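Each remark here refers to the structure printed beneath this line.
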Amino acid sequence: MNHQNLLSITRNLVHPPISSGLVLLSARELDKMRRVGQLAANLLNHLESMVQPGVSTQALNDEATRWMEDHGAISATLGYAPPGYPPFTGAICTSINEVVCHGIPNPKQILKDGDIINIDVTLRLAGYHGDTSRTFLVGSVSATARKLVEATQESMMRGIAEIKPGARIGDIGAAIQAYAEASGFSVVRDMVGHGIGRQMHTELQIPHYGKRGSGLKLRPGMVFTVEPMLNEGTYELTFLADGWTVITKDKKLSAQFEHTVVVTEEGVEILTLA
């Protein structure tokens, strides 16, 4: 689940609340993060087979709930209610086509041929969180939709490739932005990656745009998400009346991919690889 950029003026409320201070995780804590991260990745693998025309987003949500229970985990998003926001009613986020993020599962929302859908899962297991998302193609999609989805995944991986001790947070965003814009797409500014561990969101913010050499210097033990959202058109957003759903201002397509990563002595480890 995304973190709203504190520098954004889109809304007055900070979304969501965060713990204070930079968090560096120990080797023991990282073992727990690996376990929950792998579980989150496995959940997306499981749900992928259900992504087809005629399936409701509520059905995806219900299956995710059952699967988490079977594996001893719980959803970190279900009932999540930052100050000023209604409780989130989904165990997962399901964001279709122009929905950028935080789409709420609904029995009346049925997948159609040609859709793209991002499924974002945040699990809690043994007190730690695993957060990952992928955008899936539903049936036969347009060339533009396919290009957008592929560019979004590649931009995420290019950002992750920048991560190592001594690198700057801005290096991640600069790599993502350069690839996205060269591919003809825009990068969402108002939603950013975030620190994660015992809390779903910590103080650390990871913008998916920016300048090389800027921002906080990366250190071993830092754990955070890299989760770019690329839009077919403008990067500007609109927040719907439900208090959660975010869509593109021009109603054009949006895609997102997300991994949870840790800075290691040698570089980076992806904790949510399938």
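The backbone N, Cα and C atoms fix where each Cβ goes, glycine too.
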Record-annotated divalent metal cation 1 site (Swiss-Prot): member among Asp115, Asp120 besides Asp131, Glu258: Asp120
Record-annotated divalent metal cation 2 site (Swiss-Prot): member among His71, His194 besides Asp131, Glu227, Glu258: His194
Rounded Cα-Cα span from Glu258 (divalent metal cation 1 binding site) to Glu227 (divalent metal cation 2 binding site), Å: 4
Of His102, Asp120, His201, Glu258, i.e. the binding-site residues, those within 10 Å of His194 (divalent metal cation 2 binding site) when Cα atoms are compared: His201
For Glu258 (divalent metal cation 1 binding site), nearby residues of its own chain (Cβ under 8 Å, 6 or more apart in sequence): Asp120, Asp131, Thr132, Ser133, Arg134, Met156, Gly193, Thr225, Val226, Glu227, Thr272
